[in-house]
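Structure record follows, encoded as structure tokens.
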């Protein structure tokens, strides 16, 4: 598979390149603040950079008819509309978290909340000091799995890649469910699965859950 990275020189860009190269995939498009280096036509473009970069990313996907794996957070409605339009021409996977564990947790929460429907629920998320958006896209994703609005508490400290704790409470007992991303590698592995999934797919919007669980 030939692939491109938007945000190539960033921390996630470097992690993505490492994971993809270990599987023998060829990096043919590099995009960062210094410009664009085009070596060949990519099958898939990976973008974990910023919402501001999305218009350029969309243009590149259209130019090469390349699928898009988008892990950028803090997207607004205008960005989502751009993705919907792009998905008419190429296959797109957009997710706020490409950790397999988080997406398994999301599915679990959607079932658990049916049993604990009268319990209090709150979410606590912790990320590194450089993360700009709060609450995190992942916390919002987990809230959506609960099917209702719940309090979300955001901490920005040190170099934490990402901790998410969902706390259920009732009189006399609590349940805490925690997911911890130990390194950015987990997100790069998820991006790899999504990219390989997209190769040969018809245009359309695909969820990361479809990548993991298929049609279940």
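Glycine residues also receive a Cβ, built from the backbone N, Cα and C atoms like all the rest.
Site annotation for NAD(+) in Swiss-Prot covers 9, 10, 11, 12, 71, 72, 73, 95, 96, 97, 98, and the matching candidate from 131, 148, 178, 201 is 131. Among the recorded positions 9, 73, 127, the ones whose Cα sits within 10 Å of the Cα of residue 137 ((S)-2,3,4,5-tetrahydrodipicolinate binding site) are 73. When the Cα positions of 9, 10, 11, 12, 71, 72, 73, 95, 96, 97, 98, 131 are compared pair by pair, the longest gap among these NAD(+)-binding residues is 21 Å. When the binding-site residues 11, 73, 98, 138 are compared by Cα distance to residue 131 (active site, proton donor), the shortest distance belongs to 73. If you count neighbouring Cβ atoms within 10 Å for each of the binding-site residues 71, 137, the highest count belongs to 71.
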